[in-house]
Amino acid sequence: MAGRIPLGLSNADNRPKSGFGKKARSVIPPTMDRASLVESLRAVNSLSCPSTQTRITEEDILKPSADRVQLIYLMLLNVVFGAAPSTFSQVPFQGIPTDYPELYEEHHFRVNFLRSLQRLMNVCLLTDNDFSPRDILEPSPKRLQKHLSAVVNYVKFFNFAEQISNTEGKRKEIEELNEKLKASVTSITDIQREIAELEESKEARKEVEDARKHQIAEQEHELRDLKTHMSNLESRLKLAEESQERSKKAHSTAEEDLKRSDDRINDLKMQVVTSPQELYQSVDEVRKDLEDKRNVRDETIGNATMWETLAKKASDVTPSVDDTIGEIDELSHLVEKTIQLDNDLKRLMDSKRKLTQELKSKISRDQNLSGQVKKIDEEINGLSQYKRTLSSTDGDSEQQKEIESFELILENKKEKDKEMLMELEETKQKHSKRIKAFEKLETQVTNEITLMKETYHTYQRRLEKVNKPLNSIKKSL
């Protein structure tokens with residue numbers, strides 16, 4: 001550290017000398033008060049190395065002990081001379097045979113410490129008469145305060161003023177940073193509280209959304225069932241068309257067979273009959289074939305007509321089913337909207353209940369105040385009558401003064417109660433206005449809900465209309 005005095009100087013070099021051959025005389029620096037001395041020692045303590053830093057309080061100066069005083073002076077020696085505690089324990093020579101070297105080492109530390117401390121006091125303008133080893137072994141508060149203020153004055157005004165000011169500035173910065181940290185901690189707690197509230201509201205919204213998703217999933221399941229039913233109908237229609245084509249082919253083949261049989265009959269008529277029995281047999285065979293083919297034709301024609309009617313019904317039903325799918329989508333949106341409106345209605349009803357409860361409490365308070373005002377009026381009337389009787393009977397002036405003062409108190413109370421009544425009436429009017437506004441909102445919401453219900457019922461009727469032909473098709477199939 002710049003400005004430190006080396007330890008190698010002797011006592012004679014560091015003592016203040018007077019000119020003209022006179023004896024050396026100590027110039028005692030001013031003694032600092034206890035509070036400023038403690039603050040200055042703390043500032044100097046921040047300049048020392050961490051191994052010599054110690055916690056300094058006013059108790060160290062009011063009730064000093066040898067150990068605490070030694071620690072404070074070790075810190076000051078480190079600041080002024082740059083000496084660490086280990087330098088006082090170093091033995092400058094070796095090889096002396098002793099029985100107890102530990103005692104010698106302790107004695108050597110104490111000697112080096114006292115010599116360095118005496119040198120420090122000489123630098124701080126204190127002589128051997130002003131400071132002695134007794135001040136370390138048996139310290140007194142006054143002498144310790146004087147010696148420490150001398151060292152602090154030297155450190156402050158000769159070598160380390162800039163560093164002390166820097167440390168004080170850093171301490172202020174640290175205090176400001178601590179205040180900012182406290183403010184940031186409070187803001188963080190507020191943010192955490194807001195986050196917890198948001199999470200609670202998020203959970204409530206999640207429950208509502210889960211219920212809505214469940215409803216939508218059910219509606220989607222119904223839609224899937226309808227779509228599967230429609231696909232089954234379409235597949236059955238395709239099968240009916242295929243069977244219709246087959247019946248047409250069978251009908252055409254039957255007609256061809258009929259033509260062939262007619263041709264055969266005509267051929268038989270044209271032929272010359274050789275044997276009537278063979279002719280009858282052939283005619284019977286042909287007739288049986290014709291009857292069988294006619295029966296087949298009739299069956300195919302009946303099946304074809306039946307499948308044609310089914311196809312017509314299915315073609316009539318398909319656009320209505322498509323419309324119902326779109327209506328079911330609209331119904332899901334309507335259900336979501338009705339749920340939202342129901343929630344809004346519940347909130348409005350809760351707020352209305354709270355307002356009505358507040359109104360009832362304020363009306364009861366108003367009634368109590370009006371009763372109190374009536375009682376006060378009765379008391380004032382009684383006092384006025386009593387005053388009249390006293391004035392007519394020439395009563396005591398002291399009683400009249402007491403009555404007048406009591407009347408003033410009652411009138412003041414009456415005025416205060418009237419002001420409270422006026423405030424209650426104003427709040428009552430405000431609450432009545434709010435209740436009217438809530439009632440309007442409630443009517444609007446109820447109207448919207450009724451409209452939603454009507455539309456829901458209309459869609460249900462349409463679905464029933466569509467389901468009737470579907471059920472008839474199912475029965476026919």
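Cβ coordinates are placed from backbone N, Cα and C, and glycine is handled just like the others.
Just so you know, TrEMBL annotations are computer predictions that nobody has curated.
Look at TrEMBL and you will find 410-441 tagged as coiled coil. Regional average pLDDT for the coiled coil (410-441) in the model is 75.
Feature annotation from TrEMBL assigns compositional bias 'Basic and acidic residues' to 200-228 (among others). According to DSSP, the compositional bias 'Basic and acidic residues' (200-228) comprises 29 helix, 0 strand, 0 coil.
Residues or ranges marked as compositional bias 'Basic and acidic residues' in TrEMBL: 235-266 (among others).
Annotated domain 'Kinetochore protein Nuf2 N-terminal' per TrEMBL: 43-158, in sequence order. In terms of DSSP secondary structure, the domain 'Kinetochore protein Nuf2 N-terminal' (43-158) contains 72 helix, 0 strand, 44 coil.
Among the features that TrEMBL reports, region 'Disordered' is placed at 1-25 (among others).
The region 'Disordered' annotation in TrEMBL covers 200-266 (among others).
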